[in-house]
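Report on one structure; see the data block that follows.
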Ligand code: SAM
Ligand code: SF4
Ligand code: SF4
């Protein structure tokens, strides 16, 4: 494992690319329905990077050492013909891993096409297994049924599936054990995510975070868990396995036990802005680089110069005050 001495020497290894800022859900912690209503100004579609532009950016970033790409949003499966982008990215030799984060609603329609295009795995966001809690959290009263159908479709297509659950105190912390029980029985990895203060619309408070320690204690009482070693440098989930099984469960502790010193990730919004941190206030517009016929080397050099200036470590420095007072970009725009 590569040792990292300080916050300044982190290599750029993975990118998250948002392919749309729109979504068919309105999760309370991400796109509260009262803010993201019918009059909300989403990006005009002509502002989106084209698949060719995304391909060229990933190619240029591959030259800088990027090996992992995650497609996200908003809801990435709302972007028409997403499988065509995956097929293109799959041809880039330096990219070892392509993943997709989705709410699973459109997986019954697209899972097979995604698999045929070369996708190997999906992360499905699901915050409760109990019908009423799930309906309330997704903001659109959608039942768990289509999501479970989406998960089944992904598995039938041969995609590896992991589930992400954002835990909010008093909202869905009573779902920790039922979710663990349900997905343990199915042999599917579940990852709990601490509720984060991304953006400025989700009413985040430190007191609504259920910490990694609390989650592991709750789990351990019902299903004893054993910690596993970090699989690679910069892995964000603390991994465990249910004792006596090979079934994994994880926690992403972005608030209570932050991991900025090993963060090797950049994000690109659907309209082509590069953000060196999830909590950045400003992005760097890559579109002019892509549309002014610069050479691949010039694009790589520009991104490399930006990355080398990076000093981000928001989660290490977070307090209730920074969360309230710093302007932040919304998760659905920057790409979660
Ligand atoms: N729509 C897709 C989905 O939900 O999987 C992809 C985009 S969503 C923004 C990506 C991930 O961000 C999801 O796993 C979601 O649960 C997570 N997320 C959104 N808001 C969050 C918050 N405030 N704290 C922690 N995770 C959050
Ligand atoms: Fe949509 Fe995903 Fe945000 Fe939920 S978490 S509102 S599904 S983008
Ligand atoms: Fe990386 Fe920024 Fe998150 Fe820290 S706060 S882990 S630097 S994205």
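Even glycines carry a Cβ here, placed using N, Cα and C.
The annotation domain 'Radical SAM core' is assigned in TrEMBL to 7-226.
Annotation for residue 101 (GTP binding site): same-chain Cβ neighbours under 8 Å, separated by at least 6 residues, are 70, 71, 72, 73, 76, 122, 123, 125, 164, 336. Positions annotated as GTP binding site by TrEMBL: 16, 70, 101, 162, 265, 266, 267.
Long-range C-beta contacts of residue 23 ([4Fe-4S] cluster 1 binding site), restricted to its own chain and to partners at least six residues apart, with a cutoff below 8 Å, comprise 30, 31, 36, 73, 74, 75, 78, 103, 332. Per TrEMBL, the feature [4Fe-4S] cluster 1 binding site maps to 23, 27, 30.
The annotation S-adenosyl-L-methionine binding site is assigned in TrEMBL to 29, 74, 125, 196.
What TrEMBL records for 260, 263, 277 is [4Fe-4S] cluster 2 binding site. When secondary structure is read from DSSP and collapsed to three states, residue 277 ([4Fe-4S] cluster 2 binding site) falls in the coil class.
The region 'Disordered' annotation in TrEMBL covers 314-336. Tertiary proximity for the region 'Disordered' (314-336) is limited to same-chain residues at least six positions away from its ends with a CB under 8 Å from its CB atoms, namely 7, 16-18, 21, 23, 30-31, 36, 43, 72-74, 101, 197-201, 204-206, 254-255, 258-261, 267-270, 275, 277-281, 283.
Residues or ranges marked as compositional bias 'Basic and acidic residues' in TrEMBL: 314-329.
Counting residues per DSSP class in helix, strand and coil order gives 14 helix, 0 strand, 9 coil for the region 'Disordered' (314-336). Residue environment of residue 30 ([4Fe-4S] cluster 1 binding site) contains 24 other Cβ atoms, counted within 10 Å of its Cβ in all protein chains. Checking the binding-site residues 70, 260, 263, 277 for a CB within less than 6 Å of any atom of ligand 3 leaves 260, 263, 277, listed in sequence order. Ligand 2 lies under 6 Å from the Cβ of 23, 27, 30, out of the binding-site residues 23, 27, 29, 30, 260, 265.
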